[in-house]
Amino acid sequence: MAARWSSENVVVEFRDSQATAMSVDCLGQHAVLSGRRFLYIVNLDAPFEGHRKISRQSKWDIGAVQWNPHDSFAHYFAASSNQRVDLYKWKDGSGEVGTTLQGHTRVISDLDWAVFEPDLLVTSSVDTYIYIWDIKDTRKPTVALSAVAGASQVKWNKKNANCLATSHDGDVRIWDKRKPSTAVEYLAAHLSKIHGLDWHPDSEHILATSSQDNSVKFWDYRQPRKYLNILPCQVPVWKARYTPFSNGLVTVMVPQLRRENSLLLWNVFDLNTPVHTFVGHDDVVLEFQWRKQKEGSKDYQLVTWSRDQTLRMWRVDSQMQRLCANDILDGVDEFIESISLLPEPEKTLHTEDTDHQHTASHGEEEALKEDPPRNLLEERKSDQLGLPQTLQQEFSLINVQIRNVNVEMDAADRSCTVSVHCSNHRVKMLVKFPAQYPNNAAPSFQFINPTTITSTMKAKLLKILKDTALQKVKRGQSCLEPCLRQLVSCLESFVNQEDSASSNPFALPNSVTPPLPTFARVTTAYGSYQDANIPFPRTSGARFCGAGYLVYFTRPMTMHRAVSPTEPTPRSLSALSAYHTGLIAPMKIRTEAPGNLRLYSGSPTRSEKEQVSISSFYYKERKSRRWKSKREGSDSGNRQIKAAGKVIIQDIACLLPVHKSLGELYILNVNDIQETCQKNAASALLVGRKDLVQVWSLATVATDLCLGPKSDPDLETPWARHPFGRQLLESLLAHYCRLRDVQTLAMLCSVFEAQSRPQGLPNPFGPFPNRSSNLVVSHSRYPSFTSSGSCSSMSDPGLNTGGWNIAGREAEHLSSPWGESSPEELRFGSLTYSDPRERERDQHDKNKRLLDPANTQQFDDFKKCYGEILYRWGLREKRAEVLKFVSCPPDPHKGIEFGVYCSHCRSEVRGTQCAICKGFTFQCAICHVAVRGSSNFCLTCGHGGHTSHMMEWFRTQEVCPTGCGCHCLLESTF
């Protein structure tokens with residue numbers, strides 16, 4: 001907690017108000033407290049002299065209330081109740097409802113008056129709509145914004161009349177009211193619900209969000225993927241709002257927790273400890289707002305409303321305001337802000353008055369943010385594992401190319417010389433790295449000849465470079481690349497200021513555009529060390545998908561290579577940083593010293609007007625000849641050339657061994673296997689697969705009923721042991737395995753699976769008894785097929801038939817009589833069968849099957865893979881028919897279950913009655929009657945009984961009713 005704290009200056013109690021919302025008018029004269037029955041208007045200049053009431057008839061509480069922020073409309077305020085908004089007018093000591101806004105279909109969550117237009121009011125609701133109303137015409141909203149999720153907060157930008165922000169669970173959307181169809185920018189701000197949202201009072205791009213995830217984050221919506229800073233808290237944050245002075249922030253914790261009733265004042269430049277704590281409320285703070293500063297006074301007043309039904313006004317004097325100020329080297333800070341990030345046109349909302357003030361001649365530079373608190377450093381170490389840890393690594397990893405910069409690096413001497421040429425100015429600087437660098441040890445910067453800039457500019461550059469280096473090394477990060485960027489950016493900004501001053505000597509400095517707020521930032525270069533391990537983007541690629549299509553993309557035909565074919569491809573995405581902005585161009589590195597390291601400089605230089613893309617790193621637009629047309633001024637060479645190639649989807653079904661038409665024509669009739677094989681042969685003939693016609697013809701003969709095996713193993717050798725039996729079928733399966741024809745494999749396995757089943761016998765877990773599943777050999781003689789559904793699973797060269805050995809299989813069977821079993825089967829059989837005749841019958845059941853039961857698992861994989869292909873084809877009924885023949889039982893349950901032992905025979909019981917002794921499983925420890933209904937038991941001693949008896953016993957007792965001495969309430973929960 002902060003060392004400084006204070007109690008309130010003014011306390012006013014409203015015991016009967018039951019107000020849930022509060023607002024202070026823009027003049028600082030009145031506050032409105034919104035209850036269910038009355039609205040209380042409090043005179044803040046004389047809060048003890050009574051208050052006025054406005055009666056309201058509603059069963060709904062007021063969710064949000066706000067005065068109009070414009071002086072000419074200061075007597076209007078809006079209050080939301082359920083699905084409507086009432087507009088009140090307070091004048092001459094009396095108030096009345098002026099009009100009502102109705103349009104939402106769900107509860108209104110928030111409202112906000114426009115900062116620049118007094119007639120506009122925005123409302124948000126959980127019905128996913130955000131409405132902008134004009135109070136001059138309240139029949140319907142003038143603008144409707146729609147989102148997927150409901151909005152909990154809505155706030156107008158304090159510097160841009162067209163910009164507003166809304167929060168949706170943990171996300172923030174930035175809107176332009178002129179483009180209501182879609183949001184301008186999206187921020188994935190928090191992992192939990194956002195409770196508070198507030199724009200910076202001096203910058204149109206910066207906002208703060210407070211969330212249920214115990215944090216307040218600061219954002220520049222031009223950089224939606226990276227927050228500027230974070231304020232970690234111990235509990236969820238209800239509201240976080242900027243102060244009207246300096247760089248302060250006030251936070252309040254979530255009301256539902258009832259832990260912290262104080263308000264905390266923070267300096268956004270130092271978020272480690274609050275600079276002030278407002279202590280006094282006995283219950284959670286529901287709302288707080290700032291009162292307008294009185295004329296001639298430097299003090300501010302903070303007005304708060306709490307659930308303890310007290311209104312308190314806190315005085316914030318100039319001394320407290322200075323705690324939030326950052327007055328160190330104001331001139332340098334103003335200079336830093338003058339070279340701040342220039343907005344991207346597609347992400348920045350400009351007003352008509354300021355459009356001409358923004359230029360993009362120098363691209364953009366990443367915005368700076370403040371160092372995070374120390375307790376976050378440990379959490380971010382994992383993000384820095386890819387960063388260089390030594391100077392040698394830093395020199396070798398730098399892959400950034402900056403225009404007009406020469407760098408000579410000497411890792412042995414731990415130094416480098418940087419030369420920058422900008423306009424008529426030249427800067428040469430010596431950078432020396434201490435031995436502890438980059439572990440909280442910053443390098444030193446020294447200007448050397450020839451350097452042509454002024455002493456004032458040298459001081460400013462040194463200040464900026466030292467600050468940038470310190471911010472990096474505090475977190476153990478390398479700083480050479482960020483310092484190079486800052487050096488060039490500052491120097492070019494200084495030169496531009498000189499040029500603009502000389503071209504317009506009558507222009508007033510900063511007469512139109514105020515400087516951006518002094519908000520701390522840290523340079524995070526795009527495509528820098530963080531991307532050193534990310535492969536360089538592709539300009540072409542191809543991918544197979546499971547439905548028989550090939551998706552690929554290539555470079556446009558209008559482009560050709562910009563570099564020679566021998567030029568090495570960049571190794572990582574960090575090389576693309578040279579093309580991210582117009583400010584950056586190839587860096588030329590001198591390598592006079594033999595031991596120096598040379599940076600990558602093989603990319604082509606591009607002009608300022610060329611568009612930046614991944615393709616432009618490899619290719620450049622072909623120079624097209626221009627022909628004059630008959631029409632004057634037309635030029636065929638000026639036509640637009642596409643900067644990206646097309647994405648093409650190609651049907652490659654003709655190259656695959658599976659056919660969708662066969663999938664539609666194939667049948668599986670388990671009642672007539674002969675008819676199934678004959679019709680499938682006819683279907684194969686229709687699509688021109690003569691090889692499959694022969695296969696299905698052989699299958700028709702092999703499934704003839706006259707070849708059916710006898711039940712007695714002593715009568716004859718089963719047909720499956722014949723060379724044209726199982727051996728022929730296995731050779732067919734091996735052949736189509738080599739062809740990756742999973743369609744034929746699955747259909748053959750399904751047909752012969754159905755042929756081996758006894759008529760009328762259901763098969764939930766396989767064609768053989770469950771106990772024989774222990775005898776299935778784990779290895780497979782077929783290639784591995786998975787049910788991924790991708791064509792790559794059938795065309796992967798890694799799928800081979802090396803495990804399929806017909807000769808070895810035959811030798812194995814010829815070495816012993818057909819009725820004998822292998823030693824492995826005998827070993828398992830001796831454990832499973834007590835009667836040798838039973839084992840012999842079971843072995844006969846396996847030998848008479850055309851499909852080897854040892855490969856059942858692989859046959860199931862064929863069917864699952866083919867079923868996945870049928871699903872992608874949209875043949876779901878065919879898929880269901882095939883999957884009916886999957887014979888493997890479901891995986892056994894591996895979770896935790898509570899079992900019961902019978903109190904009589906000590907057998908495991910799954911119900912209330914024992915299946916062995918037929919007695920009831922357990923008795924109540926109190927009434928000694930069998931328990932059949934609701935029961936509770938101690939997990940330590942195992943005693944228990946009827947729930948009602950146990951509850952009544954433990955109302956007055958602490959030990960087990962059986963007298964075992966167990967303290968059941970402490971050991972387990974009843």
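First residue shown is number 1, and so on along the chain.
Using N, Cα and C of the backbone, Cβ positions are placed for all residues, glycine too.
The repeat 'WD 1' annotation in Swiss-Prot covers 57-98. Mapped onto DSSP classes, the repeat 'WD 1' (57-98) shows 3 helix, 25 strand, 14 coil.
Under the heading repeat 'WD 2', Swiss-Prot lists 103-143. Within the chain, the repeat 'WD 2' (103-143) has long-range Cβ neighbours (under 8 A, six or more residues past its boundaries) at 63-64, 66-70, 72-73, 76, 78, 80-85, 87, 149-158, 161, 164, 166, 175, 177, 180.
Annotation comment: Swiss-Prot describes 146-185 as repeat 'WD 3'. The DSSP breakdown of the repeat 'WD 3' (146-185) into helical (H, G, I), extended (E, B) and coil residues amounts to 0 helix, 18 strand, 22 coil.
Residues or ranges marked as repeat 'WD 4' in Swiss-Prot: 189-229.
What Swiss-Prot lists as repeat 'WD 5' is 232-276. Within the model, the repeat 'WD 5' (232-276) shows a mean pLDDT value of 85, rounded to a whole number.
Annotation comment: Swiss-Prot describes 278-318 as repeat 'WD 6'.
Annotation comment: Swiss-Prot describes 319-362 as repeat 'WD 7'.
Taken from Swiss-Prot, the feature region 'Disordered' applies to 350-374 (among others).
Look at Swiss-Prot and you will find 393-494 tagged as domain 'RWD'.
Summarising the annotation, Swiss-Prot assigns phosphoserine to Ser564 (among others).
The repeat 'WD 8' feature in Swiss-Prot is assigned to 668-706.
Look at Swiss-Prot and you will find Ser821 (among others) tagged as phosphoserine.
Marked as phosphoserine by Swiss-Prot on the basis of a large-scale study or a structure entry: Ser822 (among others).
Annotated phosphoserine per Swiss-Prot: Ser830 (among others), in sequence order.
Per Swiss-Prot, region 'Disordered' is recorded for 831-852 (among others).
For 835-851, the entry in Swiss-Prot reads compositional bias 'Basic and acidic residues'.
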Notebook entry, point to check: Nearest to Cys927 (Zn(2+) 2 binding site) by Cα distance: which of the binding-site residues Cys938, His943, Cys964, Cys968 is it?
Noted result: His943
Check: Apart from its near flanks, which chain residues at least 6 from the ends of the repeat 'WD 1' (57-98) lie with a Cβ under 8 angstroms of it?
Finding: 20-27, 30, 32, 34-36, 39, 41, 104-113, 115, 118, 121, 123, 125, 133, 135, 138
Notebook entry, point to check: Of Cys964, Cys966, which of the binding-site residues has the most Cβ neighbours inside 10 Å?
Noted result: Cys966
Item checked: Residues flanking the Zn(2+) 2 site, with Cβ no more than 8 Å from the Cβ centroid of Cys927, His946, His949 and excluding those residues themselves -> Cys924, Ala925, Ile926, Val929, Val931, Gly945, Ser948, Met950
Margin query: Quick check on the binding-site residues Cys927, Cys960: which one has the highest count of other Cβ atoms within 10 Å of its Cβ?
Written below: Cys960
Margin query: Show me the subset of His949, Cys960, Cys964 whose Cα is within 10 Å of Cys938 (Zn(2+) 3 binding site); these are the binding-site residues I mean.
Written below: Cys960
Margin query: Nearest of the binding-site residues to Cys966 (Zn(2+) 3 binding site) by CA-CA distance, picking from His943, His949, Cys960?
Written below: Cys960
